[in-house]
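Visitor: Pasting a structure below so you can have a look.
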Amino acid sequence: MRERVVVLGPPGAGKGTQCKLLAAARGLLHLSTGDLLRAEVDAESSLGQQVKAVVARGDLVSDDLVLAIVRNRLAIHREGWLLDGFPRNSTQAAMLDDLLADLGQPLRVALQLQVPEEELVARLLGRGRCDDSEVVVRRRLQIYARETEPINAHYQARELLKCVDGLGSVEDVATRIGNSLDEREHGEETIC
Ligand code: ADP
């Protein structure tokens, strides 16, 4: 069974950390849209040049541009994958549905990593990046709650949503995720 998984959750939930482990453990492609955008810029591709211009203006990269980057990667990768950081809003979720229908690569599960807000703030401040002041971190969490969290309902309605507790050691969370994906393969009931 091909693993085709969207990994959802607020900033700091551990998506990047867990996707790296899961990709290595199961031989999956880890598509992080943040990493992909940076890679396109570094490669000086035509998409990369557009991204660079948008970022230089201080604007957000458009849904269409991010979708084009995801499309490029998925179109040439027929094996399993993990999407990390995409979709980020309901427009992108609808775009991804259409793209996967086009490619004949149905999504198998949308995995939501759940971590309480105070722990997220502590983790993100602990990363020590200069742009991660508490005010900035709380604002990013608000944007997540407003724009990204509603996507959960989109996947729940399609019976694809699977919630995993993201508290505890990195290894414990990885084990929970692995168990959760395997459960799904055996067709057991999934509850969030
Ligand atoms: P995301 O991709 O969801 O924003 P990251 O994987 O970048 O999250 O993790 C955010 C921060 O939390 C990082 O500093 C990471 O080291 C830390 N972190 C990740 N998983 C855990 C965990 N299970 N317990 C404590 N800290 C964690």
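Glycine residues also receive a Cβ, built from the backbone N, Cα and C atoms like all the rest.
Relevant sequence annotations retrieved from TrEMBL are reproduced here:
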{"type": "BINDING", "residues": "Gly12, Ala13, Gly14, Lys15, Gly16, Thr17, Arg127, Gly168", "note": "ATP binding site"}
{"type": "BINDING", "residues": "Thr33, Arg38, Asp59, Leu60, Val61, Gly85, Phe86, Pro87, Arg88, Gln92, Arg129, Arg140", "note": "AMP binding site"}
{"type": "REGION", "residues": "32-61", "note": "region 'NMP'"}
Visitor: Among the binding-site residues Thr33, Asp59, Phe86, Arg88, Arg127, which have a Cβ atom lying under 6 Å from any atom of ligand 1?
Guide: Arg127
Visitor: Six or more residues beyond either end and a Cβ under 8 Å away: which residues meet both conditions relative to the region 'NMP' (32-61)?
Guide: 16, 19, 68-70, 72-73, 83-86, 88
Visitor: Reported as an integer number of Å, what is the Cα distance between Ala13 (ATP binding site) and Phe86 (AMP binding site)?
Guide: 15
Visitor: Tell me the Cα distance separating Thr33 (AMP binding site) from Arg127 (ATP binding site), rounded to the nearest angstrom.
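Guide: Cα-Cα distance, Arg127 (ATP binding site) to Thr33 (AMP binding site): 20 Å.
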Visitor: Which residues, sitting 6 or more apart from Val61 (AMP binding site) on the same chain, put a CB under 8 Å from its CB?
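Guide: In sequence order, the residues whose Cβ lies under 8 Å from that of Val61 (AMP binding site) (at least 6 apart) are Leu37, Val51, Val54, Val55.
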Visitor: Determine the Cβ neighbour count for Arg88 (AMP binding site): the number of other Cβ atoms within 10 Å of its Cβ.
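Guide: Step by step: centre on the Cβ of Arg88 (AMP binding site), count other Cβ atoms within 10 Å, giving 18.
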Visitor: Long-range neighbours only, meaning 6 or more apart in sequence with Cβ under 8 Å: which ones does Asp59 (AMP binding site) have?
Guide: none
Visitor: May I have the DSSP-based helix, strand and coil counts for the residues of the region 'NMP' (32-61)?
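Guide: So the counts come to 22 helix, 1 strand, 7 coil.
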Visitor: Please give me the CB contact count at 10 A for Gly12 (ATP binding site), counting all chains in the structure.
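Guide: Around Gly12 (ATP binding site), other Cβ atoms within 10 Å: 25.
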Visitor: Grab the ATP binding residues from the record (Gly12, Ala13, Gly14, Lys15, Gly16, Thr17, Arg127, Gly168) and give me their largest CA-CA distance in Å.
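Guide: If we measure all Cα pairs in Gly12, Ala13, Gly14, Lys15, Gly16, Thr17, Arg127, Gly168, the largest is 17 Å.
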Visitor: Including all protein chains displayed, how many Cβ atoms other than that of Gly14 (ATP binding site) lie within 10 Å of its Cβ?
Guide: 23
